[in-house]
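S.K.: This structure is in C-alpha coordinates; I'll ask about it shortly.
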(Lines of atoms letter the chains of each structure in order from A and count residues from 1; the text may use other names and numbers.)
(Lines give C-alpha, C1' and ligand atoms only; values in the text may rest on other atoms or scores of the structure.)
Protein backbone atom coordinates (compact mmCIF):
# COMPACT_ATOMS: atom_id res chain seq x y z
CA UNK A 1 0.00 0.00 0.00
CA UNK A 2 1.34 3.44 -0.93
CA UNK A 3 1.16 6.11 1.74
CA UNK A 4 2.44 9.66 1.78
CA UNK A 5 5.42 8.51 3.88
CA UNK A 6 6.58 5.84 1.42
CA UNK A 7 9.87 6.56 -0.30
CA UNK A 8 9.14 7.14 -3.96
CA UNK A 9 10.86 8.34 -7.08
CA UNK A 10 9.32 10.65 -9.67
CA UNK A 11 10.57 11.52 -13.13
CA UNK A 12 9.19 14.96 -13.96
CA UNK A 13 9.29 16.89 -17.24
CA UNK A 14 8.54 20.61 -17.10
CA UNK A 15 7.67 22.53 -20.29
CA UNK A 16 7.35 26.24 -20.99
CA UNK A 17 9.82 29.05 -20.39
CA UNK A 18 11.92 27.04 -17.94
CA UNK A 19 15.49 27.43 -19.21
CA UNK A 20 17.60 30.51 -18.55
CA UNK A 21 15.25 31.67 -15.78
CA UNK A 22 16.83 30.03 -12.68
CA UNK A 23 14.40 27.08 -12.86
CA UNK A 24 16.99 24.41 -12.03
CA UNK A 25 18.37 26.47 -9.14
CA UNK A 26 14.85 27.08 -7.85
CA UNK A 27 14.13 23.36 -8.10
CA UNK A 28 17.35 22.43 -6.29
CA UNK A 29 16.70 24.90 -3.46
CA UNK A 30 13.08 23.78 -3.05
CA UNK A 31 13.83 20.06 -3.24
CA UNK A 32 16.69 20.38 -0.74
CA UNK A 33 14.44 22.24 1.71
CA UNK A 34 11.94 19.36 1.42
CA UNK A 35 14.62 16.74 2.09
CA UNK A 36 14.48 15.30 -1.43
CA UNK A 37 17.35 13.77 -3.38
CA UNK A 38 17.89 13.70 -7.15
CA UNK A 39 18.63 16.25 -9.86
CA UNK A 40 17.34 18.86 -12.30
CA UNK A 41 18.65 18.95 -15.88
CA UNK A 42 18.05 21.13 -18.95
CA UNK A 43 17.09 19.10 -22.01
CA UNK A 44 17.91 19.98 -25.63
CA UNK A 45 14.18 20.33 -26.45
CA UNK A 46 13.76 23.21 -23.97
CA UNK A 47 12.22 21.22 -21.12
CA UNK A 48 13.68 20.61 -17.67
CA UNK A 49 13.89 17.04 -16.39
CA UNK A 50 13.64 16.53 -12.64
CA UNK A 51 14.25 13.25 -10.86
CA UNK A 52 13.13 13.44 -7.23
CA UNK A 53 13.44 10.76 -4.54
CA UNK A 54 12.00 10.93 -1.06
CA UNK A 55 8.69 10.86 0.74
CA UNK A 56 5.82 10.89 -1.72
CA UNK A 57 4.18 13.75 0.20
CA UNK A 58 7.36 15.84 -0.21
CA UNK A 59 7.50 15.10 -3.94
CA UNK A 60 3.87 16.22 -4.21
CA UNK A 61 4.78 19.46 -2.43
CA UNK A 62 7.70 19.93 -4.84
CA UNK A 63 5.26 19.53 -7.74
CA UNK A 64 3.10 22.32 -6.29
CA UNK A 65 6.16 24.61 -6.28
CA UNK A 66 7.21 23.57 -9.79
CA UNK A 67 3.79 24.55 -11.16
CA UNK A 68 4.51 28.10 -9.97
CA UNK A 69 8.26 28.18 -10.67
CA UNK A 70 10.60 31.13 -10.16
CA UNK A 71 9.53 34.67 -11.04
CA UNK A 72 10.75 34.78 -14.67
CA UNK A 73 9.50 31.31 -15.62
CA UNK A 74 6.25 30.40 -17.34
CA UNK A 75 5.35 26.77 -16.70
CA UNK A 76 3.00 25.40 -19.36
CA UNK A 77 2.95 21.67 -18.64
CA UNK A 78 4.28 19.18 -16.10
CA UNK A 79 4.40 15.45 -16.84
CA UNK A 80 5.02 13.08 -13.92
CA UNK A 81 5.95 9.42 -14.01
CA UNK A 82 6.37 7.42 -10.82
CA UNK A 83 9.13 4.84 -10.96
CA UNK A 84 11.03 2.40 -8.80
CA UNK A 85 14.14 3.40 -6.90
CA UNK A 86 16.88 2.50 -9.36
CA UNK A 87 19.56 4.99 -8.30
CA UNK A 88 20.45 6.20 -4.85
CA UNK A 89 21.21 9.89 -4.59
CA UNK A 90 22.93 11.55 -1.64
CA UNK A 91 21.77 15.11 -2.40
CA UNK A 92 19.83 17.16 -4.93
CA UNK A 93 22.03 18.60 -7.66
CA UNK A 94 21.97 20.34 -11.01
CA UNK A 95 22.96 17.88 -13.71
CA UNK A 96 24.79 19.38 -16.67
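Cβ atoms are placed via backbone N, Cα and C, with glycine included.
Residues annotated as domain 'Acylphosphatase-like' in Swiss-Prot: 9-96. Summarising the annotation, Swiss-Prot assigns active site to 24, 42.
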S.K.: Give the sequence-ordered list of residues that share a chain with residue 24 (active site), lie 6 or more positions from it, and have CB atoms under 8 Å from its CB.
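M.R.: Result: 40, 41, 42, 48, 94.
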S.K.: Tell me, how many other CB atoms lie within 10 A of the CB of residue 42 (active site), whichever protein chain they belong to?
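M.R.: Counting Cβ neighbours of residue 42 (active site) within 10 Å gives 17.
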S.K.: Taking helix as H, G and I and strand as E and B in DSSP, count the residues of the domain 'Acylphosphatase-like' (9-96) in helix, strand and coil.
M.R.: 24 helix, 37 strand, 27 coil
